[in-house]
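Structure first, commentary second.
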């Protein structure tokens, strides 16, 4: 009874911890999105400088990552040559900086709820770019699923009360750059056996982002900020906002490390629905029935895509176990045959 009870307690503890990691990630992701909207929106905090905000985030994250890796040595750095850094990490940093810049810019023009609906296109973009770069195999049923997600997002866009073409283009650009970044991570890093957790990723990538973002910042936002001499840097607002962004990266590390990437995808769907509800009830964004119907279609497509990924993962694991079992059985047979030959030789002698 004692062993059974301890096993049950262990299982319960594991489930509680998994849900805790999910809850922390949803809360922090939710907080960062709403906080960024609050800072950038002209009707709220009214600081419409997305490049500057992203640079503040990157400076804060790069500094903390440097402290964790080099000073306190809580995280081990990855062994990487200068050539690998320049040819692999730098292009990923460029894509990441563009993705963050455009996605933060979209908050100036679009509602939080509509942005979450547009983000449902991420699996479509990742799959399409993966096929183009030959990292994914083309399948008719998967492409049909991608088209159903796209149709749902199109319907949601049709029903959007505050539709802004420039805002939509910014968000679609952010999705395209982020999807390309995810595929390029597989091509440039994973294929070379380099694995970066969120801390080492910030340690290597955040300085690149800072350099790339400084170029458009000098020409686009710096002249405006220079003219706004009355602006005083709010350490409380920008400090807590940056800390939330860094904590979100830690939460991703915990969630994926202790559960799985698929769990994060499912949790992401829950977070999107919560954001839509919050946007409608608290921020008072208009969410129409056509919006919800379209996003519902997209949601079903994304859910089916995640289910297909899970089934493929299970099949791969089952095949791996079968192969291992066959190899083990083959070794046992070889050992038995070797023992049999040895005994016959002893008898003859």
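Start at 1 and count along the chain as shown; that gives each residue its number.
Any Cβ shown, glycine's included, is placed from N, Cα and C.
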Per TrEMBL, the range holding transmembrane segment, considering 142-159, 268-285: 142-159
Stated TrEMBL location of region 'Disordered', expressed as one of 292-320, 321-349: 321-349
Tertiary contacts of the transmembrane segment (108-130) (same chain, 6+ residues out, Cβ under 8 Å): 33-34, 37, 40-42, 48, 50, 136, 142-143, 146, 149-150, 152-153, 156-157, 160, 162-164, 166-168, 170-172, 175-176, 178-180, 182-183, 272, 275-276, 278-280, 283, 285-287, 291, 294-295, 298-299, 301-302, 305
Segment confidence, the domain 'Sugar phosphate transporter' (20-306), expressed as mean pLDDT: 90
Chain residues outside the transmembrane segment (84-102) and at least six past its termini with a C-beta under 8 angstroms from it: 50-51, 54, 57-58, 170-171, 173-174, 177-178, 180-181, 184-185, 188-189, 192, 194, 204-209, 211-213, 216
Distal contacts, the transmembrane segment (201-220) - CB-CB under 8 A, six or more residues away: 51-52, 54-55, 58-59, 61-62, 64-66, 68-69, 75, 77-78, 80, 85, 89-90, 92-94, 96-98, 100-101, 246, 249
